[in-house]
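Notes follow once the structure below has been shown.
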Amino acid sequence: MNKNLLIEKIENAKYLSFGDIFSESIELFKKVWLQGFIKILLEGVLGILLIILFQVPILLIIGSFAFTTSYMGESAAPVMALPMLVLIFGLMLLAIVGAGVFTMALSAGFYRICKIKDFNEVGSDDYFYYLKRKYFRKMALLVMASIGISIVAMLLCFFPVYFVMIPIAFFTLIFTFNPELSASDIISVGFKIGTKKWGITFALMIVSGFLASLVGGILCVVGVFFTASFSYLPIYFVYKHVIGFDDDYRVDSMEMKTIE
């Protein structure tokens with residue numbers, strides 16, 4: 001679907017029932033709780049690997065700085081400090097964007113699985129479906145845009161963060177089911193649906209997140225890993241009922257076939 005069609009669907013969206021969406025989320029969670037658990041584990045493993053991957057060069061830079069200043073004297077410290085800080089900042093920014101891209105790709109893969117289970121379609125549980133070269137640049141742009149928007153919102157007395165968090169949350173969903181859209185179009189559509197359905201989406205995210213944490217905590221804390229994915233589901237149903245899915249696109253581009 002193109003941007004104009006998506007915006008038209010959002011503008012003509014029907015009223016959404018909090019209770020209906022919450023009930024649908026519970027029913028879908030019964031089908032995807034295991035996939036959600038695996039997603040959380042994969043994010044944890046990838047997070048640890050990224051930390052290790054980027055800590056090594058940072059430690060090498062710091063070690064090189066310490067060796068150089070000890071060899072050339074303390075007078076060289078101010079001269080060496082700026083390049084070192086620039087390198088470290090660059091690596092940290094790269095690590096944040098890299099982690100964001102991997103997280104977005106895994107979340108997109110999970111939403112794809114949710115759609116398969118929701119519509120009883122045939123398809124593999126491919127968590128890495130969107131970890132493809134052709135999507136990396138677009139996901140990186142979306143991650144950087146999310147970071148930039150969040151920083152600007154925090155600078156504006158912090159409260160705008162609560163407003164922009166909803167449109168940003170839709171970026172991954174829109175990308176998942178419309179990967180052909182440009183990053184700017186995804187951002188535009190995300191803010192359109194995010195502002196149109198801000199209230200119910202915010203309420204659903206707060207309630208589902210609280211319940212996922214509460215139930216997970218009751219289950220000896222470890223249960224959080226099993227229940228955390230529940231908080232991802234209400235926004236999926238908001239997208240489903242507001243925009244819906246292009247059936248032809250879904251079957252052709254994602255290699256799935258509906259069970260008859």
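For all residues, glycine too, the Cβ spot is worked out from N, Cα and C.
Caution: TrEMBL annotation is automatic and unverified by curators.
Predicted, not measured: the structure shown is a model, and the values here were computed from it.
Long-range contacts of the transmembrane segment (40-67) within its own chain (CB-CB distance under 8 A, at least 6 residues past either end) are made by residues 80-81, 84, 87-88, 91-92, 94-95, 98-99, 102-103, 106, 127, 225, 228-229. Residues or ranges marked as transmembrane segment in TrEMBL: 40-67 (among others).
With a threshold of 8 Å between CB atoms, the same-chain residues lying at least 6 positions outside the transmembrane segment (87-111) that come near it are 32, 35-36, 39, 42-43, 46-47, 50-51, 53-54, 57-58, 61-62, 126-131, 135-136, 139-140, 142-144, 146-147, 171-173, 175-177, 229, 232, 236. The annotation transmembrane segment is assigned in TrEMBL to 87-111 (among others).
According to TrEMBL, the feature transmembrane segment maps to 139-162 (among others). Nonlocal intrachain contacts for the transmembrane segment (139-162), taken as residues 6+ away from its ends with a CB within less than 8 angstroms of a stretch CB, comprise 96-97, 100-101, 104-105, 130, 168, 171-172, 175, 183, 186-187, 202.
Residues annotated as transmembrane segment in TrEMBL: 168-191 (among others). Residues 1-3, 6-7, 10, 104, 107-108, 111-112, 115, 130, 135, 138-139, 141-142, 145-146, 149-150, 201, 205, 235-236, 239, 243, 245-246, 250, 253 of the same chain sit 6 or more residues outside the transmembrane segment (168-191) yet have a Cβ under 8 Å from a Cβ within it.
Among the features that TrEMBL reports, transmembrane segment is placed at 203-226 (among others).
Sequence-distant contacts of the transmembrane segment (203-226) (same chain, at least 6 residues past either end, Cβ-Cβ under 8 Å): 18, 21-22, 25, 33, 36-37, 40-41, 166, 169, 233-235, 238.
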